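Straight from Swiss-Prot, the features:
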- GLU225, ASP227, HIS248: Zn(2+) binding site (BINDING)
- CYS171-CYS185: disulfide bond (DISULFID)
- CYS231-CYS242: disulfide bond (DISULFID)
- ASN71: N-linked glycosylation site (CARBOHYD)
- SER370: phosphoserine (MOD_RES)
- SER379: phosphoserine (MOD_RES)
- LEU294: site 'Important for obstruction of the ion pore in the closed conformation' (SITE)
- 34-255: topological domain 'Extracellular' (TOPO_DOM)
- 304-314: topological domain 'Extracellular' (TOPO_DOM)
- 452-464: topological domain 'Extracellular' (TOPO_DOM)
- 256-277: transmembrane segment (TRANSMEM)
- 283-303: transmembrane segment (TRANSMEM)
- 315-335: transmembrane segment (TRANSMEM)
- 431-451: transmembrane segment (TRANSMEM)
Amino acid sequence: MAHVRHFRTLVSGFYFWEAALLLSLVATKETDSARSRSAPMSPSDFLDKLMGRTSGYDARIRPNFKGPPVNVTCNIFINSFGSIAETTMDYRVNIFLRQKWNDPRLAYSEYPDDSLDLDPSMLDSIWKPDLFFANEKGANFHEVTTDNKLLRIFKNGNVLYSIRLTLTLSCPMDLKNFPMDVQTCIMQLESFGYTMNDLIFEWQDEAPVQVAEGLTLPQFLLKEEKDLRYCTKHYNTGKFTCIEVRFHLERQMGYYLIQMYIPSLLIVILSWVSFWINMDAAPARVALGITTVLTMTTQSSGSRASLPKVSYVKAIDIWMAVCLLFVFSALLEYAAVNFVSRQHKELLRFRRKRKNKTEAFALEKFYRFSDMDDEVRESRFSFTAYGMGPCLQAKDGMTPKGPNHPVQVMPKSPDEMRKVFIDRAKKIDTISRACFPLAFLIFNIFYWVIYKILRHEDIHQQQD
């Protein structure tokens, strides 16, 4: 009996310790579960659960697959705007491109933060819009000191993707009013592979295009108003979403005023100095005329060096052509003055030749009339003898006229002739002193009114 009682005691003790151990294990599990509920999930575990291999997320498939298209809201912040080249017709810009869309697969509630800023390397793990710049000629990413990219995920599944880019974009220019022109350069954002059934781009409602404070351009004034438009593209492969922004750039002509207009104006005025130089100073006037013509030609060539070879006439071409015409006309004016002033020599030479011919002709005529007078006398005597004298008289009581001898004006002396032609040449110089500046002033009035006022207003009306 003692042995049985001892055995029962051992069995009851065993069950007691087993129950105690079981209770301790249950308490430990409850404590661990309570701790797990109170302690947040680690970021690594959360990301693995959200977009890891075990999450079932596939970056190759767009959100809302086989459903409504994904709406991507775009925003651009311009850091710098410059390097506008007329020869290649493009411009260079540095921007922050920001895209926002909703991916329901990335919505979460397990993590306490409202948003997560992820490393750029995570971009390969999620779906992204296939945006590209339709009028892009060259582009660069920025990797100093690290990739200039931002990825932010919000609780409701919204995704913000920002990237810094330097772009060279084409900008077809109309240079008819150069350098008083206003250019419109566009930036087109388009989907490369997704049609509008899958993806739609749209501008952000508030401040879709922002410009860095204090941004200035060396030759242009970037206007505050920017046109935001939709430019949906239709190709053989489908209809693709496209949005664009138009930048209006008004050229500041201060550089061209100093480098082109004022120097050419001074060259034209310098060519008028020859009108005040004595006409006998041929070397001085010819040298001045040729120098101004060559300088004007060089100036005209320089104005076209930085411009493309276009088929139409630009405003600067008209200015340079008219200035060259005035300078060349001033040189021709001296040629006319010199020609007129030397005409008395030619006239004297012509008179000498004519005088010699006239004297020879007069002698011949004198001898001819002498022979005729002798014959007439003989005839008169013979007719009178037969009573026919009155027949030699004219009818109606008119007497016959003798040979015509017009009254000849005495020719002027060589000095008088020289003075007449020199006065004519001086008169040409005197008229040129007034006519050339007046004609150039009239041209300036028409030129600046047409290009700076009338055409400028037409351009603004077209843009509005």
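Please read every residue number as a count from 1 along the shown chain.
Just so you know, glycine gets a Cβ as well, placed from its N, Cα and C.
Not measured: the values here are computed from a predicted model.
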Nearest recorded site to LEU294 (site 'Important for obstruction of the ion pore in the closed conformation') by CA-CA distance, among binding-site residues GLU225, ASP227, HIS248: HIS248
Nearest of the disulfide-bonded residues (CYS171, CYS185, CYS242) to ASP227 (Zn(2+) binding site) - Cα to Cα: CYS185
CB contacts for ASN71 (N-linked glycosylation site) [other CB atoms within 10 A, all chains]: 14
Cβ-Cβ distance under 8 Å to CYS185 (disulfide bond), same chain, at least six residues away: ILE84, TYR91, LEU169, CYS171, ARG246, PHE247, LEU249
Cβ contacts the transmembrane segment (431-451)/the transmembrane segment (256-277), at least three under 8 Å, sequence gap 6 or more: yes
Among GLU225, CYS231, CYS242, HIS248, which are recorded as recorded positions, the nearest neighbour of ASN71 (N-linked glycosylation site) by Cα: CYS242
Pairwise Cα distance for GLU225 (Zn(2+) binding site)/CYS231 (disulfide bond) [Å, integer]: 19
GLU225 (Zn(2+) binding site) in three-state DSSP notation: coil
Helix, strand and coil totals (DSSP H, G, I; E, B; other) for the topological domain 'Extracellular' (304-314): 2 helix, 0 strand, 9 coil
Rounded Cα separation (Å) that holds between CYS242 (disulfide bond) and HIS248 (Zn(2+) binding site): 20
Other parts of the chain folded back onto the topological domain 'Extracellular' (304-314), taken as Cβ under 8 Å at six or more residues beyond its ends: 86-87, 89, 175-178
